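Copied over from TrEMBL, here are the features:
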| type | residues | note |
| --- | --- | --- |
| TRANSMEM | 47-68 | transmembrane segment |
| TRANSMEM | 88-106 | transmembrane segment |
| TRANSMEM | 127-144 | transmembrane segment |
| TRANSMEM | 150-170 | transmembrane segment |
| TRANSMEM | 221-243 | transmembrane segment |
| TRANSMEM | 255-279 | transmembrane segment |
| TRANSMEM | 291-310 | transmembrane segment |
| TRANSMEM | 322-339 | transmembrane segment |
| TRANSMEM | 345-363 | transmembrane segment |
Amino acid sequence: MASYEYVSPEQLAGFDKYKYSAVDTNPLSLYVMHPFWNTVVKVFPTWLAPNLITFSGFLLVVFNFLLLAYFDPDFYASAPGHKHVPDWVWIVVGILNFMAYTLDGVDGKQARRTNSSTPLGELFDHGLDSWSCVYFVVTVYSIFGRGSSGVSVFLLYLLLWVVLFSFILSHWEKYNTGILFLPWGYDISQVTISFVYIVTAVVGVEAWYEPFLFNFLYRDLFTAMIFGCALCVTLPMSLLNFFRSYKNNTLKHNSVYEAVVPFFSPCLLFILSTAWILLSPSDILELHPRVFYLMVGTAFANSTCQLIVCQMSSTRCPTLNWLLLPLFVIVMVVNVGVTPYVESILLFTLTAAFTLAHIHYGVRVVKQLSNHFHIYPFSLRKPNSD
């Protein structure tokens, strides 16, 4: 199992023919961030591998998640009457979030600058982005938290799924059209949230208790922006791009079934995880929200990575992800009835197993592609130059 090869020979052959194709129409990205990134990338030495930049940005996102997990483990720190997160933490999180966003923007520019662009670099970048979704959303949750002034853990669970499906829509588009249409919401959310973290340090979390407009609270604005962006921008633009490709006869999959296969695993993950919440005898989401979110986000990232491999290699996306099997078994066990202690053990064990399985998947895929293209993933040196 340690040397298991996840990428098939057919997929490796598909990677040989792969050509990057993306469209970015976001004014913030085109006229503000790209000029900024073009300046920043010149700071990096030309011997620095782009994948190291990508991985560093991901580690900053994970660090923010862990930092707030320490100061706000149960999401009550921003509630009235509780010990709040120190102001300096919000400043650190805001700066690191913007740094992570910047590194995510310059890694591709560093690759082109050093003439080291490879399919592995794109896969590595987007694969880590898919896992970053859960860390980013859960970290943002600490601004409002739960309680009388915050957002319920179940509503945050639904908001997480809105973000996850918004992310996979872009790669579903590319799976069907061959073109990656970069979503507008990503750049806007990253810049806005980085700013909100800093503002929170200045005005305190108490400022978010006040109404934004009439009786419309900031937490309501937060919720409305996520749902609104997904329903009014991301989803319509994705469907528009899909139907444009359909009209131009450029779709890569002719049947409806093949076109929607990438949604099967994420949808089943949503059904199973929601069933667990509703059937839980100990109200598992209320008991361990952070761990439950991580379990869902990691399983989602694994399915998304498999989709990205398939869309880049022009191969068929697997119908179901085997990681969903143990989740299905646990939901059945929970439905029969377990003690709160046993249910907690099951959640922590499953989350650890998903995390290890996903890391194993990522390491093995990177190893396979590195060997296939005869490159080092984190160095610009060639293997034959040793």
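Keep in mind that glycine also has a Cβ here, set from the backbone N, Cα and C atoms.
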Assess whether the transmembrane segment (345-363) lies in contact with the transmembrane segment (255-279), where contact requires at least three Cβ pairs under 8 Å among residues 6 or more apart in sequence.
no
Return yes if the transmembrane segment (255-279) and the transmembrane segment (127-144) have at least 3 CB pairs under 8 Å (sequence gap of 6 or more), otherwise no.
no
How about the transmembrane segment (127-144) and the transmembrane segment (322-339): do they have 3 or more C-beta pairs under 8 A, pairs 6 or more apart in sequence?
no
Leading contact stretch, 150-170, 291-310, 322-339 vs the transmembrane segment (221-243) - CB distance under 8 Å:
150-170
Residue list, the transmembrane segment (291-310) vs rest of chain: Cβ under 8 Å, 6 or more residues beyond ends.
6-7, 11, 123, 126-127, 130-131, 133-135, 137-138, 156-157, 160-161, 164, 167-168, 171-172, 175, 262, 265-266, 269, 273, 277, 284-285, 316-318, 321, 323-324, 327, 347-348, 350-351, 354-355, 357-358, 361-362, 365
